[in-house]
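Database features (TrEMBL):
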TRANSMEM  53-71  transmembrane segment
DOMAIN    63-469  domain 'Cation/H+ exchanger transmembrane'
TRANSMEM  77-95  transmembrane segment
TRANSMEM  116-133  transmembrane segment
TRANSMEM  145-168  transmembrane segment
TRANSMEM  180-203  transmembrane segment
TRANSMEM  258-281  transmembrane segment
TRANSMEM  352-373  transmembrane segment
TRANSMEM  379-402  transmembrane segment
TRANSMEM  414-431  transmembrane segment
TRANSMEM  451-472  transmembrane segment
Amino acid sequence: RSANVSHEVINVTLHTTLAATTKLVVPTPAKPILPVQTGVQAQQEEQSSGMTIFFSLLVIAICIILVHLLIKYRLHFLPESVAVVSLGILMGALIKIIEAQKLANWKEEEMFRPNMFFLLLLPPIIFESGYSLHKGNFFQNIGSITLFSVFGTAISAFIVGGGIYFLGQADVIYKLNMTDSFAFGSLISAVDPVATIAIFNALNVDPVLNMLVFGESILNDAVSIVLTNTAEGLTRENMSDVSEWQTFLQALGYFLKMFFGSAALGTLTGLISALISFFNFGDTHHIDLRKTPSLEFGMMIIFAYLPYGLAEGISLSGIMAILFSGIVMSHYTHHNLSPVTQILMQQTLRTVAFMCETCVFAFLGLSIFSFPHKFEMSFVIWCIVLVLFGRAVNIFPLSYLLNFFRDHKITPKMMFIMWFSGLRGAIPYALSLHLGLEPIEKRQLIGTTTIIIVLFTILLLGGGTMPLIRLIDIEDSKARKRNKKDINLSKTEKMGNTIESEHLSELTEEEYEAQYIKRQDLKGFMWFDAKYLNPFFTRRLTQEDLHHGRIQMKTLTNKWYEEVRQGPSGSEDDEQELL
């Protein structure tokens, strides 16, 4: 009896507990499954996507021919980005004429799709930028670059956004609310000094100035995207019952979560790739992918895109994650790879990034005729003034502040060049199309104004950088003695003619200790990295490893030469010259 009574008591208790739990736990709604198109709709979607891909590849092919002609006829004074944007404008005008004559209709194909930009075009550009930061003195200037790219971008965004908001409230320009003004100020603060960097490299300006502008532009893009996403998040939420101070704190918390969370995710992914490539060296107990460069290269490509997909999937910034992943992989992972994979990574990333950049700049020129515009002169003029003023408030005060802590001072001439090199590129344009602004005329106004500012900075500021550098006498003395015809602004030609040997360096244990560990001038992060991080995440090679790498490169070279000899035979002089 006692057993039966106990059994009944337990059953009653379980039923009571389950009932209470059922009342307390609210079932989470199932994730909606997007409808899959089938039949005729699927065929139409495939045809439309196919024509869009065909049109994009056709545009890239025409731009590649243009760049080849610039190199062939030595038109080195013209930056490639300016030439591609100009070609895009001409192509847009030609397509408009064809559509007016009703010969064809390419309106859907020539429209720039923001989703395609953020998913396919932007990640390779950002990753290649981070991966190329191995050269120069990026880590020696990491504090200055971070200050300019994070706090400087925030200052510029607040000045532009606040100026637009208060001018609108005074009925001077088109009226925007606070969140829309801040969103526009954030997206227009993304700098893209492609033409300026080409001029810096051609004139051999101060390497510190080059790295400050280059490093700031890379981190600045990610910060600008995070700030714009923050403003978008505030726009989507109902903030009517929240005070301004609570709104600011909520926006700050969202930004810090996006920035540091994405940066930590990208850094962790890069370090994991370094550890995996480190253990590739092992003995018979480990899998050595270095002996099969194709598999090793495939693994690195996976890690190149992995942080972007993961970050976007968990509501972080994929651009910020892939940027920090590229920096970490360049600093640690790259030196664990075989020489063949190192060369493959360099050339593949450069080629893909070049094609993506070319496509973006071409569509930027096409957008003049493909985008429905709303133009207001007062809005455009005041926005240009605020953009230039915000850049000045960003550069000059922060530079004077940094000079208290820097050994290599930022001179007033360098400050002026940094202010003048604040070109805008395709990221502000793509972000302007990505904003869900209502009504439609507001979106058209923001898009039109963004296109005008981008073209104004690329064509006028970018075109005036070289005369300005010569005028204020900031270029290197050797470059000053050159003839103007010797100056080469072609980024593609320089990338194709050289392999960056400093990024292929493989130091032995003794060489690394002599070059880094025993140096007395290393301070801060550079000292900590050389003492602890670099020895842990990278493997110092033995003489046997170096010998194996040389044999691998020689084998590939001989194989290529044998294939060349099996082709159409040339003259003996040509063969001797090849040998």
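Glycine is treated like the rest: Cβ placed from N, Cα and C.
Values in this document were obtained by computation on a predicted structure and should not be read as measured data.
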Verify whether three or more Cβ pairs under 8 angstroms connect the transmembrane segment (53-71) with the transmembrane segment (77-95), leaving out any pair fewer than 6 apart in sequence. yes
Beyond a gap of at least 6 residues from its ends, the CB atoms lying under 8 Å from the transmembrane segment (379-402) belong to 143-144, 147-148, 151-153, 155-157, 159-160, 163-164, 167, 172-174, 185, 188-189, 410, 414-415, 418-419, 422, 424, 445, 448-449, 452-453, 456
Short question: most Cβ pairs under 8 Å with the transmembrane segment (116-133), which of 53-71, 145-168, 258-281, 352-373, 414-431? 352-373
